[in-house]
Ligand code: NAD
């Protein structure tokens, strides 16, 4: 019998946490072995299935991540930046694959993952869906083919509870556009969540964030020149696409060498 990896979900009660628990328990390629929430959360000590309003799953929600990670082969983590940095160290200690979906991490927080990646496999992506990772590759290609007559605008929309703006996905798309064009994003980016912010240079890369209702995630990359426009678009209608991608990353990470990877590696794009 092939070994079925045990998975821990951190941020178990969150929008993505609950989706991940459903995805892992419905999969025959993985087993749910742990569910972690922050200390003081009212799910601590309860069966995670019952806490979600369903059948018991035989997994008790804990606020002790190391104890949970010790029983697992992978941790899937869609929480918050400070928590993710802490989990990276603990996942490395437990030699678990750490799949990071958390966005809004600062450069310092991203750098803080490096020591952990010397001992464990980290797969981190601002968006775990196949469609968006394909869109990233297309954005790079289109940006490489067009000159600076084309301004690039990344326009994203999400639900009203989203904390960071622009989204992690919008930043991935902006990075891809900059890479395709052969420039540094920081040199050409014009970030702002409320529409036009400051001067627009020819060939700039701009960001716009819309927040409202229950929008799961929409991203347009607009290439606009005098006389013509190209728009690349991805629309997510179901969070399950992120959970399925994260589970795929957790399975792919088994047996890889320690280091940092992204979904392009996992999907072989
Ligand atoms: P959410 O607020 O619904 O859930 C976050 C959960 O993390 C909460 O339950 C919270 O209690 C828990 N948490 C916070 N700190 C913790 C700690 N120290 N220990 C344990 N649990 C802790 O948010 P969400 O909508 O589920 O999104 C979570 C993150 O995932 C965000 O950064 C979001 O941008 C990102 N996200 C990424 C993708 C992707 O494909 N990469 C897709 C969707 C969302």
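The backbone N, Cα and C atoms fix where each Cβ goes, and this holds for glycine too.
Note that TrEMBL annotation is computational and uncurated.
Sequence annotations record features per position, and here TrEMBL assigns domain 'Dihydrodipicolinate reductase N-terminal' to 7-128.
DSSP classifies residue 102 (NAD(+) binding site) as coil under the three-state reduction. Around the Cβ of residue 102 (NAD(+) binding site), a 10 Å sphere holds 23 further Cβ atoms from the protein chains shown. Taken from TrEMBL, the feature NAD(+) binding site covers 11, 12, 13, 14, 15, 16, 37, 101, 102, 103, 125, 126, 127, 128.
Less than 8 angstroms from the CB of residue 38 (NADP(+) binding site) sit 63, 83, each of them six or more residues away in the same chain. The annotation NADP(+) binding site is assigned in TrEMBL to 38.
What TrEMBL records for 131-267 is domain 'Dihydrodipicolinate reductase C-terminal'. The average pLDDT computed for the domain 'Dihydrodipicolinate reductase C-terminal' (131-267) is 91.
Under the heading (S)-2,3,4,5-tetrahydrodipicolinate binding site, TrEMBL lists 159, 168, 169. Taking Cβ-Cβ distances under 8 Å and a sequence gap of 6 or more within the same chain, the neighbours of residue 169 ((S)-2,3,4,5-tetrahydrodipicolinate binding site) are 103, 126, 127, 132, 156, 217, 219. In the three-state DSSP assignment, the secondary structure recorded for residue 169 ((S)-2,3,4,5-tetrahydrodipicolinate binding site) is helix.
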Seminar exercise, completed: Fewest C-beta neighbours within 10 angstroms among the binding-site residues 11, 168 belongs to 168
For this session: Whole-number Å only: compute the distance from the Cα of residue 125 (NAD(+) binding site) to the Cα of residue 168 ((S)-2,3,4,5-tetrahydrodipicolinate binding site).
Result: 8
Problem set entry | Annotated binding-site residues 37, 159, 169, filtered by Cβ under 6 Å to ligand 1 | 37
Exercise. CB neighbours of residue 127 (NAD(+) binding site) within 10 A?
Worked result: 28
Seminar exercise, completed: Rounding to whole Å, the Cα atoms of residue 102 (NAD(+) binding site) and residue 159 ((S)-2,3,4,5-tetrahydrodipicolinate binding site) are apart by 16
Exercise. Reported as an integer number of Å, what is the Cα distance between residue 168 ((S)-2,3,4,5-tetrahydrodipicolinate binding site) and residue 15 (NAD(+) binding site)?
Worked result: 17
